[in-house]
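Visitor: When I checked Swiss-Prot for this same protein, it listed these features:
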| type | residues | note |
| --- | --- | --- |
| SIGNAL | 1-17 | signal peptide |
| DISULFID | CYS28-CYS89 | disulfide bond |
| DISULFID | CYS36-CYS83 | disulfide bond |
| DISULFID | CYS37-CYS71 | disulfide bond |
| CARBOHYD | ASN57 | N-linked glycosylation site |
| DISULFID | CYS90-CYS103 | disulfide bond |
Amino acid sequence: MQFKFLTTVALATLAVAVPTDPPPTNQCNAPNNLECCNSVQAPTNSGLIGTLLGLLNISVGDITGLVGLTCNPISLIGGGNSCNAQTVCCQNNYFGGLISIGCTPIIIDV
């Protein structure tokens, strides 16, 4: 009798103690963060992206996600905007879309 009780308590404790996956940290605040970028690349210290990040005093190591260049906001309301390049959801937008960081590709089926 005691063995069954202890086994049940031990299994219940184990089930509660098992870690779960954390919620995703990169969530899109659509439609506010949806953008159409002419170029989307991994952050690097070299080339145009490295130069722009350096001018903004942003360390490549601090960036999670991709970097978008020449991005324009996409409005889901009204249907006037369409994206012929890469649709992304970006966390930060600098200089009116010249460079956006923390971008995640989005697939929009119309």
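These residue numbers are counts, starting from 1, taken along the chain as shown.
Using N, Cα and C of the backbone, Cβ positions are placed for all residues, glycine too.
In the displayed structure, how are the listed features positioned relative to their neighbours?
Guide: According to DSSP, CYS89 (disulfide bond) sits within a strand segment.
In the structure as shown, the Cβ atom of CYS83 (disulfide bond) sits within 10 Å of 18 other Cβ atoms.
Mapped onto three states, the DSSP output places CYS71 (disulfide bond) in strand.
In sequence order, the list of same-chain residues 6 or more apart from ASN57 (N-linked glycosylation site) whose Cβ falls under 8 Å from its Cβ is empty.
CYS103 (disulfide bond) carries a strand DSSP state (E or B).
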Visitor: Measuring Cα to Cα, how many angstrom lie between CYS71 (disulfide bond) and CYS83 (disulfide bond)?
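Guide: Answer for this pair: 10 Å between alpha carbons.
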Visitor: Going by C-alpha positions, which of the disulfide-bonded residues (CYS36, CYS37, CYS83, CYS103) is nearest CYS89 (disulfide bond)?
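Guide: Out of the listed candidates, the nearest Cα belongs to CYS103.
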